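I'd like to ask you about the structure that follows.
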Amino acid sequence: MNNAENEDPETEIIGKVTLDTIFVKEIGQFGKFQLKTVCLAAIIAIFASWGATEYVFTTARINTRCVIPECEGARREWSPHWLPNAVPAVGSGLFDNCKRFANTTAMLQRMESEECPSMLFDTKTVEYCEKFVYENTDSVAYDFDLACDEWSRSLIGTIRTLGTFIALPITGYVSDRWGRRVALTINAFNTGWLGLIRFWTNTYMGFMLFEFLEAVFGSGGFSSIYILVMELMGPEYRVIGSASIDTFFAIGQVLMGLIAWGVPNWRYLTLILYVPQLFTILYFWLISESVRWYMSKGRFDDSEALLKKVAKTNGTLLSEKSLKSLRDTSLEEERNKRLEEEMVGQEPWLIVKVFQHKRVLLRCIVSPVWWVTTTFIYYGLSINAVNMSGNKYLNFVAVAAVEIPGFWTAVFLMGKIGRKPVLIGAFWICAACQIAYIFMPPDLYAVSLTVYLIAKFSIAMVMSSVYIYTMELYPTKHRHSLFAYSSMIGRIGSMIAPLTPAFGAQWFANLPFVLFASFALVSGALIFLTPETLGTKLPDTFEEASDIGLKNSIRK
């Protein structure tokens, strides 16, 4: 933070005054005001993580077995002593969830003895269950009798991510039209009440509907708070601020895993996760609007009042001359923007300009692959963690917690060794871990979990790095559009990820990890096709973007 207590408040900043100039030279890049905002943002990030991943537990797979009418008593036990006679074994002490041995004859009735002997069953003939006994009632799989219907169970997560995909443009419009604070409050409060409604749903379609609606009208809260925090920080703190918000998201997943462990029943878990989120309606009064949004709307009185509030809270002084210069700069930029918009009709379309610059075109082809891979593996590893051997809650907590050092390791290494080595190394380490996990003996739980955690650590590094690297590859004027193009296509990965348990159940158990390894290997190789951006100037034009890696231009 840069304190200005000893400076003359009327000292004019030399040169063109931008908002970043004000943050750096006068009010402070990170002070008490920004700290308060980050603390409030932390709560929203934690709540957002609950909404984004609660389906991992509320729709979790439950161990089942067939109802055996020939042997069942009035009170059905989960694991009766006669079970090996009636159900095929699939491992040491484990039995098939979905199949049973056929009767030796359709006319054979249950014998007087309660032993249910093996002679009742034809061990050479296996048939699917007609009805099921569930090990517990914790998940919607019990309430909606999903048992071995892995596709219907997994589809809930895909519907959730589809809703998030739709939410992005809706939230972006609300945020740009009415403000970051409005978008944040609406999304956060919608998450609370739409998520809570699921407590009372008694049908599969009803549950799916409100999962989808919650995502569409509530999942934009994380992006809203992310932008708001970034726009209130000085330039030197934005990378750290970004990693901090990601860290709080991971902390939220850790807390959710612990809460789900203590309250495993999905209805009561829903109450605990969503009731507190109803209080986010207070954020409209608790958190300040983005000063940059005020300025973008020409509300200079509001932006100046907020800047003075920031300066007062941070214990710094703000020059009136600087405020006047900032207003003049903003008005000049607005005039230039209007002139550029008038000239847009004379310029080729964006897609034409991309095809005119082959190096940029190549990036537009390969960068979406990185994004699909990243979201696919990142969410896929979290979802499949609960299906590993051992305590599913502790597995999920460990897999979420390991993201935190992954985020910060990426922040440190990107500035030391470059973007490409970090991304290639992280992708390929993740791929190697997936391959090792496939061939790991099932009885080596500790080793398997360690390999799994290294994989999640690596993909968390990629998640943190790919944001920055993608933005640095494109020219300023079209950076947002080209970045959004990669990001939007990347959502395909997050929509497929919830289906990976069904892939494993349908074909073979390790198929998800084969897919993770394959995608990571290919994406790591594709990084070689794009230039290193560490130490280069952010490109403003297509020509400058094409020249990255061809000449040494120092970042300004």
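Cβ coordinates come from backbone N, Cα and C, glycine included.
Quantities reported herein were computed from a predicted structural model and do not represent experimental measurements.
Annotations for this protein, taken from TrEMBL, read as follows:
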TRANSMEM  33-52  transmembrane segment
DOMAIN    108-535  domain 'Major facilitator superfamily (MFS) profile'
TRANSMEM  182-201  transmembrane segment
TRANSMEM  207-229  transmembrane segment
TRANSMEM  241-262  transmembrane segment
TRANSMEM  268-287  transmembrane segment
TRANSMEM  360-381  transmembrane segment
TRANSMEM  393-415  transmembrane segment
TRANSMEM  422-440  transmembrane segment
TRANSMEM  446-470  transmembrane segment
TRANSMEM  482-501  transmembrane segment
TRANSMEM  507-529  transmembrane segment
Cβ under 8 Å to the transmembrane segment (182-201), counting only same-chain residues 6 or more beyond its ends: which ones?
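For the transmembrane segment (182-201), the nonlocal Cβ contacts are 44, 47-48, 51, 54, 58, 167, 171, 174-175, 207, 210-211, 213-214, 217-221, 224-225, 228, 267, 270-271, 273-281, 283-284, 287.
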For the transmembrane segment (33-52) and the transmembrane segment (241-262), does the number of C-beta pairs under 8 Å, pairs 6 or more apart in sequence, reach 3 or more?
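The transmembrane segment (241-262) and the transmembrane segment (33-52): touching, yes.
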May I ask which of the stretches 207-229, 360-381, 446-470, 482-501 has the most CB pairs under 8 A with the transmembrane segment (507-529)?
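Against the transmembrane segment (507-529), the leading stretch is 360-381.
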Counting only CB pairs under 8 A, let me know which of 207-229, 268-287, 360-381, 393-415, 482-501 has the most with the transmembrane segment (241-262).
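Stretch with maximum Cβ contacts: 393-415.
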For the transmembrane segment (482-501), which stretch among 207-229, 268-287, 360-381, 393-415 has the most Cβ pairs under 8 A?
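Going through each listed stretch, the top one turns out to be 360-381.
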Given a Cβ distance threshold of under 8 angstroms, which distant residues of the chain, six or more beyond its ends, lie next to the transmembrane segment (207-229)?
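34, 37-38, 41, 44-45, 47-48, 51-52, 55, 140, 144, 155-156, 159-164, 166-168, 170-172, 174-175, 180-181, 183-184, 186-188, 190-192, 194-195, 197-198, 201, 241-242, 245, 249, 280, 287, 289-290.
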Quick one: average pLDDT across the domain 'Major facilitator superfamily (MFS) profile' (108-535), no decimals.
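Its mean pLDDT is 88.
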